[in-house]
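Heads up: the structure comes next, in structure tokens.
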Amino acid sequence: MSNKVHLGHTARKRFGQNFLTDDSIISRIVGAISPDNDHVMVEIGPGLGAITEPVAMSIDKLSVVELDRDLVERLQNHPTLKDKLDIHQGDALQFDFSTLQQAGKKMKVFGNLPYNISTPLMFHLFEFAEIIETMHFMLQKEVVLRLSASPGCKAYGRLTVMAQYYCQVVPVLEVPPHSFTPAPKVDSAVVRLLPYANKPWPCKDVTVLRHLCTTAFNMRRKTLRNNLKQLISDEEFGLLNIDASLRPEQISVEQYVALANLLCDKQ
């Protein structure tokens, strides 16, 4: 049998499917997620149910979002899971997670995310941060390093700034390739994202912050002065005590928010 086949299902490359099969890793992830009935529990990409089953068995109801029709059908016919699941067949990148809201409950969102969509999916989920209590995701280790990076690190970038604007970022554990079928060609890691109830550095318009970060990091080897010359003058950098000769990865999330708020005030 091909190493791409697990439990009779062939992993689809276009969906970025790698199925978690290591029981000890699964147990640690479920422990980190801490499923309960006080939150709306939501899984993105349940796949063949490695994490789905232990989570669903410990709560009343689990909402799942799955794109692959074959996997949706398996879940709908699963002998023990079918009555526990609220199944949504569709693309998580387009899904309106606010439709899963319940009165008085925030969400706990988790998943073994397809690596080919993990970054755009993060940006999509940040839009729902106010209704989410925790997020736990299996990601490419490189993405976790980017999410948790500090200023001055090579991994620090647009994703870092936006993630840390919305959330506290906590790496949880590293997962080797042999924990999956088929084994991915990269190392993986689990990250915990805790959306802030009160953001430490509130931005007047997050759209402006996103645009600022995209522009600043577009050419990483150039200075802030060069990259942002159409937006911010040397005098304005000086007002905020930001050195315009620094590169984009050398200033903090707080400083990016200060620059964005300056731009908001100019509009």
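Cβ atoms are placed via backbone N, Cα and C, with glycine included.
Taken from Swiss-Prot, the feature S-adenosyl-L-methionine binding site applies to N18, L20, G45, E66, D91, N112, supported by sequence analysis.
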On a count of neighbouring CB atoms within 10 A, which of the binding-site residues E66, D91 is highest? E66
Count the Cβ atoms, other than its own, that fall within 10 Å of the Cβ of G45 (S-adenosyl-L-methionine binding site), considering every protein chain shown. 25
Once the chains shown are all counted, how many other Cβ atoms turn up within 10 Å of the Cβ of N112 (S-adenosyl-L-methionine binding site)? 26
Tell me the coarse DSSP state (helix, strand, coil) of D91 (S-adenosyl-L-methionine binding site). coil
